[in-house]
Amino acid sequence: MKKKGEMKKVKKVKDKVNDGQYDDPWWWLVQEGIRPSFLCISLFALLVRVAVGLHPYSGARTPPKFGDYEAQRHWMEITLNLPPKDWYRNSSVNDLSYWGLDYPPLTAYQSYVHGVFLKTFDPDSVALFTSRGYESYLGKLLMRWTVLSSDVLIFFPAVLYFVLVYRSMRFGMGQNSDVAWHIAMILLNPCLILIDHGHFQYNCISLGLTIAAIAAALSQKDLVASVLYCLALNHKQMSAYFAPAFFGYLLGKCLRKKNPLLEVTKLGLMVIGTFAVVWWPYLQSKDAALAVLSRLAPFERGIYEDYVANFWCTSSVLVKWKKLYSTQSLRIFSLAATLITCLPSMVQQILAPSSKGFLYALLNTSFSFYLFSFQVHEKSILLPLLPLTLLALEESRSILWLTHFAMFSMFPLLHRDKLVLAYMALYALFILVYFAPCGPSGRCHGTKTLDNTQKTKRSVDFITSITFHPLLMGFLGLCSLILHVIYLTMHPPNKYPFLFEAVIMLICFSQFVLFTFYFNSKQWMLSKHLTSKDKQKKLI
């Protein structure tokens, strides 16, 4: 019996060799299943994060206000030493002009937990008043550990949850090697690693909660999805970039059920309940709640800061928005533009909700917010990148090109943070993983491409031909390479000190707009491919 079992194993191995499976370099990683391969890739991704954490952070040794690192540390100081009612209120012990809390309460609670951790090992790093601008080796190590632990506890499990759900739905995952490549694309996203573990932020928490919410929604756990998404929204208000997509998808599914009103009511109660729990310390008085809300919408900063590759900043080269219009007018303009551009994606999901359409809607609405909403930062490109990485197997060409320009759009910021070496290393790693032999099965085995453009060829062919035109891609790729070199080796004219940033912004903006048209076309064409059975199907 033992010999027969061994003979069967040998035969299986020979069959795999004959089939060419051992030619796949991902085979050794995925032969035992998704979870072991996820563990291996996660360990490597964790090591990459640790390596990036050895580099400088935002505002290192640059008083008086330092940078985002100091902001996060200061929030730990405030939440640890003051009662919750004083966290968002300007006072003699909490000067809001010095990195005042400007994120929802869940960020404040997270800062408190991390502050307790820092106080245990380095009390001076979170001492009230005296810790301002505190910088030490131990302090940096502890701060970096808080981000790593957030990744391990929230972002990584959420990615595993999503991959398992995505795999079960079989959106084109033909082989286990596709799964491994997909996991690597999400966990080794260079933009997220550079911002969280280089520049220093906690985007992994809100994005991790969002991924978990997406996975729950795709697996028909709509109530769980609504709770998780509300938690993401209560961690960072920028998670609202995904709100129209969640609203359209969940409402569209409710309308297709037997009792739509009941389903909508249940979702509404879950949303209200989640917000009530998170905001409970500030619901005791109207003034306390308004104090928090006023900090979440810093309109006084203007419609844009620095040089972000969105509509308002790019067009300001020709139209001086800040000089011509009041802040109130610009708020109305940005709100109208954002709603108009994200409305098609939301409507499409209300009319024809689908799992793949939901992922495209997340991508399209987040791009609408990035391009047209008020007070967008360079780092906000992480939000459109999230659903794109989740669609990596569907949009294998797009993720390469858009990740390139997302990194390029943040290059001036990362250059200021002295993260150029980490930037180049992570970009090289991303390229190596992307072009790994037998990554997406379509590139390796000559099967049909994973972005399924054949299905939508007639309708999106024109936009696709422009977006992926070899001459355009080659020209822009060369331009970005030259601009990298120029930025590192030359100084701009004294008359135009931000000339290089403006050119980078213009190039990246043009690509973001092209891809917005492309992805919107892809999403709307999905509804045309629904079968009559799909249209009549009642979701349980």
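Glycine too: its Cβ is placed from the backbone N, Cα and C atoms.
Feature annotations, courtesy of TrEMBL:
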- 145-167: transmembrane segment (TRANSMEM)
- 179-195: transmembrane segment (TRANSMEM)
- 202-218: transmembrane segment (TRANSMEM)
- 267-283: transmembrane segment (TRANSMEM)
- 333-351: transmembrane segment (TRANSMEM)
- 357-377: transmembrane segment (TRANSMEM)
- 420-439: transmembrane segment (TRANSMEM)
- 460-486: transmembrane segment (TRANSMEM)
- 498-519: transmembrane segment (TRANSMEM)
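Only pairs six or more apart in sequence are counted, and the transmembrane segment (357-377) with the transmembrane segment (420-439) gives fewer than three Cβ pairs under 8 Å, not enough to call it a contact. For the transmembrane segment (420-439), the partner stretch with the highest count of Cβ pairs under 8 angstroms, out of 179-195, 267-283, 333-351, 460-486, 498-519, is 179-195. Counting same-chain residues at least six beyond the ends of the transmembrane segment (267-283), those with a Cβ under 8 angstroms from any Cβ of the stretch are 84-85, 88, 104-106, 222-223, 226-227, 230-231, 234, 250, 254, 289, 291-292.
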